């Protein structure tokens, strides 16, 4: 086998590995009314709902309640919240401990919450609080609250 053939095969192999790893992705175009951050699109609701209805609305729009993976993303979301419609209690996020108390999971993929930004003393499960939200009273740090709290904003 000639050097040119070996180089060609190696080039194709490397291209395949890079493509398979997902590092070569097309640019993300978000629907009208959605905001782009890195490779994701986010929707900040102008209306309020309880957690279950908010989750259904996100699914209807082709998404899910927001999953926060790191402090940088959290900071960006909080910045966007401060520029959005204000809701009395804050905004729903896509985590809950509905199945096992204290076992906070992201509802889109059931993964455990690893990064968090809980307000001091939270989550405390007062009154059976099983759903997570960005709490407006404490600069949008995280809090657990009763899932049927109405008029909470939501982020998909």
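Glycine residues also receive a Cβ, built from the backbone N, Cα and C atoms like all the rest.
Residues or ranges marked as disulfide bond in Swiss-Prot: 30-41, 58-156, 131-147. Taken from Swiss-Prot, the feature domain 'C-type lectin' covers 37-156. Per Swiss-Prot, signal peptide is recorded for 1-22, and the stated evidence type is sequence analysis.
Swiss-Prot feature annotations superimposed on the structure.
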residue: 30; record: disulfide bond; DSSP class: coil
residue: 41; record: disulfide bond; DSSP class: strand
residue: 58; record: disulfide bond; DSSP class: helix
residue: 131; record: disulfide bond; DSSP class: strand
residue: 147; record: disulfide bond; DSSP class: coil
residue: 156; record: disulfide bond; DSSP class: coil
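Note: the CA-CA distance between residue 58 (disulfide bond) and residue 41 (disulfide bond) rounds to 12 Å. Closest to residue 30 (disulfide bond) by Cα-Cα distance, out of the disulfide-bonded residues 131, 147, 156, is 156. Residue 156 (disulfide bond) and residue 147 (disulfide bond) are 16 Å apart (CA-CA, integer value). Here the domain 'C-type lectin' (37-156) returns a mean pLDDT of 97 for the predicted model. Each of the disulfide-bonded residues 30, 41, 58, 131, 147 was scored by how many other Cβ atoms lie within 10 Å of its Cβ, and the smallest score goes to 30. Residues within less than 8 Å, Cβ to Cβ, of residue 156 (disulfide bond) and separated from it by at least 6 positions along the same chain comprise 42, 43, 45, 57, 58, 61, 63, 64, 65, 66.
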